[in-house]
Amino acid sequence: MLSLHDFTPQQIAFMLDFAAQLKRMQKQGEPHALLQGQTLGMIFQKSSTRTRVSFEVGMYQLGGHALFLSSNDLQLGRGESIADSGRVLGRYLDGIMIRTFAQSDVEELAEYASVPVINGLTDLLHPCQILADLLTVQEHKGRLAGLKMAYVGDGNNICHSLLYGCAKTGLHISVASPEGYLPREEIVAAARQDALETGASVTITTRPEEAVSGADVLVTDVWASMGQESEQQARMKVFAPYQINDRLAALAAPDYIFLHCLPAHRGEEVAAEIIDGPHAVVFDEAENRLHAQKAVMALLMGK
Ligand code: CP
Ligand code: NVA
């Protein structure tokens with residue numbers, strides 16, 4: 001699973017329903033050891049709290065096992081090629097999750113590893129996060145199609161995967177980013193293509209008020225992603241008018257929900273009054289990483 005763009009709307013709907021079913025089973029203590037005896041390798045070239053823990057716990061709950069593989073300790077970090085690493089790891093593992101910089105590295109790993117590869121975040125995309133986000137919206141709003149989501153902030157990996165995720169599920173999405181930080185044009189074009197099938201609309205603007213107007217779901221993300229630490233100061237200035245706060249949220253639907261993939265920076269992309277307020281569902285969202293990824297792993301790796 002490298003990108004949500006590669007799946008049909010029916011497949012995504014199925015993954016979400018299956019995730020909801022696995023969540024119910026786990027809450028009720030029903031056994032669901034669908035990956036008994038299997039091992040997932042988890043390659044991390046960037047930091048993580050949620051992705052690491054939710055994949056590892058998810059494998060355990062499915063009756064399998066997960067290996068944390070830091071690129072600092074792998075020969076990958078000393079120059080062994082992705083192709084050779086993939087060929088070797090495919091001989092030991094039943095699946096590989098990778099968090100890295102270039103999307104092309106994940107694609108190359110998937111080409112050479114003989115087992116399923118799951119994108120655990122690249123500079124371009126974060127599909128597992130967006131499955132969890134969609135599951136969270138579905139739980140809180142009872143549906144996806146026909147709702148309006150506003151993403152306000154950097155046109156980054158989260159924004160790109162939201163564009164695909166919304167387009168594939170019929171959720172209207174409006175993105176507001178500053179000039180120079182808009183989502184990539186080829187992703188917007190591909191999402192618009194996806195949206196033809198579901199009737200979703202994809203709107204890109206530089207005006208946050210326009211994006212948020214009447215929205216059922218507000219979303220933002222950090223202004224400087226992992227790997228962009230040196231741009232932090234410059235970005236703080238450019239993004240200041242894009243903070244989600246009471247003033248902006250007043251334009252949303254009265255019963256809007258607020259999502260953030262976390263980690264969050266209170267006082268930057270989101271005001272404390274919003275993320276710690278009654279509309280925020282960010283911890284349900286974080287929990288749903290576990291359930292969504294269990295569904296993905298069981299479907300990709302299950303016999
Ligand atoms: N949202 C998310 O992917 O969090 P981590 O970076 O902690 O994995
Ligand atoms: N856009 C953020 C998401 C972190 C989960 C980053 O890439 O750092």
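Cβ coordinates are placed from backbone N, Cα and C, and glycine is handled just like the others.
DSSP assigns Q75 (carbamoyl phosphate binding site) to a helix. Sequence annotations record features per position, and here TrEMBL assigns carbamoyl phosphate binding site to S48, T49, R50, T51, Q75, R99, H126, P127, C128, Q129, C261, L262, R289.
Sequence-distant neighbours of N157 (L-ornithine binding site) (same chain, six or more apart, CB under 8 Å from its CB) are L121, T122, D123, L124, L125, H126, S225, listed in sequence order. For N157, D221, S225, M226, the entry in TrEMBL reads L-ornithine binding site.
As annotated by TrEMBL, domain 'Aspartate/ornithine carbamoyltransferase carbamoyl-P binding' applies to 2-139.
What TrEMBL records for 146-300 is domain 'Aspartate/ornithine carbamoyltransferase Asp/Orn-binding'.
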> Taking the residues the record says bind carbamoyl phosphate (S48, T49, R50, T51, Q75, R99, H126, P127, C128, Q129, C261, L262, R289), how far apart in Å are the two Cα atoms that sit farthest from each other?
Replying inline: 31
>> Among the binding-site residues Q75, S225, which residue has the fewest other Cβ atoms within 10 Å of its own Cβ?
In response: Q75
>> Return the average pLDDT for the domain 'Aspartate/ornithine carbamoyltransferase Asp/Orn-binding' (146-300) as a whole number.
In response: 98
> Among N157, D221, S225, M226, recorded L-ornithine binders, what is the largest CA to CA distance in Å?
Replying inline: 12
> What's the CA-CA gap between C261 (carbamoyl phosphate binding site) and M226 (L-ornithine binding site) in angstrom, rounded?
Replying inline: 13
>> Let me spell it out: for each of the binding-site residues (R50, H126, R289), count the other Cβ atoms within 10 Å of that residue's Cβ, using every protein chain shown. Which one has the most?
In response: H126
